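One structure below.
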Amino acid sequence: MTVLTRARPRTVHRARSVRNRDGWWAAFFLAPQVAALLVFLAFPLGFAVVLAFMRWDGLGQKEWVGFDNFAAQLSDPEFGLAVWNTVKLALLTVPFGLGLALLIAVALNNVKGGGFYRVLYFLPVVTSSVAVALMWQIILAGDDYGVLNASLERWFGISAPDWLGGPGWVIVAVAVVTIWSSLGLNVVIFLAGLQTIPPQIVEAARMDGAGSLRIFRSVTLPLLSPTIFFSTVVAVISSFQAFDQIYVLVDPADNEGARTIVYQVYELGFKDFRFGMSSAAALILLVLTLLVTLVQFAAQKRLVHYDS
Amino acid sequence: MRPRQVALHAALSLGGLAMLFPFVWMLLTSFKGVRQMLNNPLDWLPHPWRWENYPDALGAMPFGTAYWNSFYIAVLNVTLTLLTSAMAAYAFARIRFRGSGALFVVFLATQMVPAQVTVVPLYLMLARFGWIDSHLSLIVPTIANPFAVFLLRQFIRAVPVELEEAARIDGASRWRCFWHVVLPNIRPGLGALGIIAFLASWNAFFFPLIFLNSPELATVPLLLSQFSGQRTAVDYGLILAASAIAVVPTLIAFLVGQRKIINSMAASGLGGR
């Protein structure tokens with residue numbers, strides 16, 4: 001008994017010192033990442049918010065202008081065009097891109113030896129976006145020397161528009177390139193989701209006499225809905241941030257049809273050196289992203305099926 | 001084979017061709033001369049084959065320097081990302097400390113911030129450091145990588161705790177446990193993340209475009225993008241030869257590690273973006 005009572009304080013003391021030492025170890029292990037996050041992410045984010053309320057060209061005096069930058073952007077028809085183009089791009093890439101990826105993933109899931117296709121569809125994902133845009137720029141070129149328009153002319157007698165030349169079709173062309181280059185990633189994400197669906201459930205539905213379409217609608221889609229939801233959120237966010245392919249395919253400086261919010265941020269900041277204005281535009285993009293994500297999460301409650 | 005299988009294979013092959021088409025077309029066109037391109041873009045095969053397009057493309061721009069720049073920046077990015085994010089992941093997975101959960105949530109939340117929101121202040125800050133038009137601007141800030149921490153934490157949690165406890169009873173420090181017990185056991189995770197980080201660094205365009213000015217500092221995508229301004233010159237053969245040269249390293253990296261890359265990107269759902 002006496003031995004035990006004497007032993008206890010010592011173990012308590014030891015446990016505390018281990019925890020203290022662990023605290024120092026945790027700090028040591030976390031230090032590089034936390035420092036980098038603070039310096040290169042948290043601080044610039046705070047700075048961006050402050051800048052958005054200032055007028056500053058980087059050299060002269062900073063001037064506090066309140067909400068002027070936001071008001072100027074929101075009433076500028078050019079910014080309105082950028083918002084509209086951004087939304088159009090999302091409306092084209094997200095439903096069509098994910099729908100196509102879902103079809104391919106379901107097909108791959110039902111086929112034997114699909115590994116080869118998986119690699120094929122994934123190839124553009126790992127290819128430099130600049131190289132992808134250069135390839136497509138030449139395929140889509142107007143004036144009959146683009147291979148697409150020449151083929152349409154010769155085989156179908158269609159005289160196609162100059163996809164990249166004017167404001168009319170640019171967003172569609174950008175959407176096609178974006179869908180092509182991100183398809184593989186969405187396919188493998190959907191495929192991973194499909195492979196978690198227990199075959200017994202599908203078998204049971206089949207025994208009850210359900211056809212393929214019925215199984216897809218009543219079994220596959222609900223069970224895959226968390227994956228679809230997640231991919232939709234990611235796809236919307238990344239379509240809002242599309243830059244590389246747009247910048248290379250069609251410099252939006254020459255073609256206002258390709259002007260997006262991100263391009264606006266780039267131009268205001270790094271061509272016009274209106275840092276406050278650029279930050280305001282970027283914050284509007286951030287708010288728009290958060291709003292859309294919130295709406296998606298609200299919709300998720302009704303549409304997404306989670307195992308309980 | 002059942003007819004259904006045949007139909008599926010046919011549909012998937014057709015789609016696969018559509019995925020492959022731009023690459024094949026790029027390769028073939030990269031051997032064509034200007035006149036052939038303009039006369040008839042439907043002429044698939046080059047005649048004559050203009051092998052000179054490749055040396056010409058290499059000569060038109062400092063590709064050698066750009067390759068070296070892209071390569072060493074990517075290697076440094078990979079090394080720094082793997083080391084620092086494995087350390088942080090270890091702390092989150094294995095060490096109990098106050099505020100661990102909350103800090104992890106903050107880590108994940110920072111991923112939501114688009115690069116475009118922080119790019120102007122980041123530029124101003126790096127200018128203050130004297131890092132604009134220096135490769136430091138492409139190396140140091142990319143250390144902050146919550147995605148990598150998240151991914152490696154998943155791998156570390158799958159390593160049995162008992163392995164580490166045995167070492168600790170023998171008097172090993174946390175660092176020794178991390179270095180000699182945990183790291184060797186998460187090699188597949190480190191490999192996958194390494195390739196993702198390599199590709200992300202090699203293909204990066206937005207930050208190099210903004211942070212670099214000098215031609216001799218350009219990375220491969222940046223150099224390549226300068227061809228796009230030459231739309232009117234229509235020497236497509238040359239442009240596509242340059243693209244082909246630029247794409248080769250990533251395609252090799254991908255084909256070597258394709259299973260790892262595809263699986264880990266599918267599992268993380270976010271890729272390196």
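Note that Cβ sites are derived from N, Cα and C of the backbone, with glycine treated the same way.
The feature domain 'ABC transmembrane type-1' is assigned by TrEMBL to A:83-296.
Residues or ranges marked as transmembrane segment by TrEMBL: A:24-54 (among others). Residues 62-67, 69-70, 275-276, 279-280, 282-283 of the same chain lie 6 or more positions beyond the ends of the transmembrane segment (A:24-54) yet place their CB under 8 Å from a CB of it.
According to TrEMBL, the feature transmembrane segment maps to A:89-108 (among others). Within the chain, the transmembrane segment (A:89-108) has long-range Cβ neighbours (under 8 A, six or more residues past its boundaries) at 114, 117-118, 121, 171-172, 174-175, 178-179, 182-183, 186-191, 193-194, 216, 220, 224, 228, 231-232, 235-236, 239-240, 242, 260.
Summarising the annotation, TrEMBL assigns transmembrane segment to A:120-139 (among others). Nonlocal intrachain contacts for the transmembrane segment (A:120-139), taken as residues 6+ away from its ends with a CB within less than 8 angstroms of a stretch CB, comprise 104, 146-148, 164, 173, 176-177, 180-185, 187-188, 244-245, 247-249.
The transmembrane segment annotation in TrEMBL covers A:169-194 (among others).
The transmembrane segment annotation in TrEMBL covers A:215-240 (among others).
Look at TrEMBL and you will find A:275-299 (among others) tagged as transmembrane segment. Panel annotation: around the transmembrane segment (A:275-299), residues 48-49, 51-58, 65, 69-70, 72-74, 79, 83, 86, 229, 232-233, 236-237, 240, 261-262, 264-266, 268-269 of the same chain, lying at least six beyond its termini, place a Cβ under 8 Å from a Cβ of the stretch.
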